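Q: Annotations per TrEMBL:
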type: SIGNAL; residues: 1-26; note: signal peptide
type: DOMAIN; residues: 58-148; note: domain 'Polysaccharide export protein N-terminal'
type: DOMAIN; residues: 153-232; note: domain 'SLBB'
type: TRANSMEM; residues: 253-273; note: transmembrane segment
Amino acid sequence: MINRLITTICRQRSTVFLLFLTLAMAACRPSKEAVVDYRFFEKNIDSLNKVVLNLKEPVIQKNDQLVINVSSASLDQSQTQVFNLLGGSTGGGAAQAGAIGYLVDYDGNITLPVIGKVQAAGLTKSQLIQQLEQKLGPYVKDPVLNIRFINFRVMMMGEVGGPGWLSFPNERATIVDAIGQAGITEQGMRTNILLIRQQPNGQVETHRIDLNDALIFQSPYYQLQQNDILYVLPNDSKLIQYQRNNSPFFRDLPVYLGLVTSIMAFGTLIISLTK
């Protein structure tokens, strides 16, 4: 009787194996919803012909770090040395990585030698230069200033190729710049990117971005501000993959297949020994 039972099990081993193999293939087969979408700016594409990009000069914020280079239109540069911290030349070159500059404190001020505290937050670089030129007048003959951001950066999170801080030495950052530099993975949702921005008063503002819509070039959020956060949400493909990886059945499927294979091998061995 035992031999007959084992024989029956072994005769059906192919059917059982094919059943589990079919389930395994179904688990790996892409869903119709898991289609990767590589399209950009397809909606309202004709609106691009009317777009005039007018990027504004960035506004200085609290916790910004600035390199301020002070020079004089005269030949005597000795008066300017006290104002130039390590990290920039008097020639007005770009700020270098790791440079030590003037930190905008929590009150929005920078503190310069001799002059003292100067309000910086809320001003553009051009406005701050005009203000500093007036304050430096008594100490530097015909002062010439150049200001650069050290830490003009944007945070990328989620389904991107390079998560983390992105630096923009040219102090110009747009959504296209950030996405192009970080890249979006195949599991990234291009139609629902979350922009998180902290206002000067501390209030957090959020906005949704659709990269399939060309109207983003007309959006007030197209130009990014320093310390903005862009979060690329996972699409259906990533969610389906996550659900499968965390499903008890599909997670333990290799164990089931191994168990069935072991039973069939054991049954075959017994039959061969009893013949």
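Numbering starts at 1 and runs along the chain as displayed.
Quick reminder: no glycine exception, Cβ is built from N, Cα and C everywhere.
What does the local environment look like for each feature on the list?
A: Residue counts for the domain 'Polysaccharide export protein N-terminal' (58-148) under DSSP, split into helix (H, G, I), strand (E, B) and coil, are 18 helix, 26 strand, 47 coil.
Secondary structure of the domain 'SLBB' (153-232), assigned with DSSP and counted as helix (H, G, I), strand (E, B) and coil, comes to 13 helix, 36 strand, 31 coil.
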Q: Average the pLDDT scores across the domain 'SLBB' (153-232) and report the rounded value.
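A: Mean pLDDT across the domain 'SLBB' (153-232) comes out at 94.
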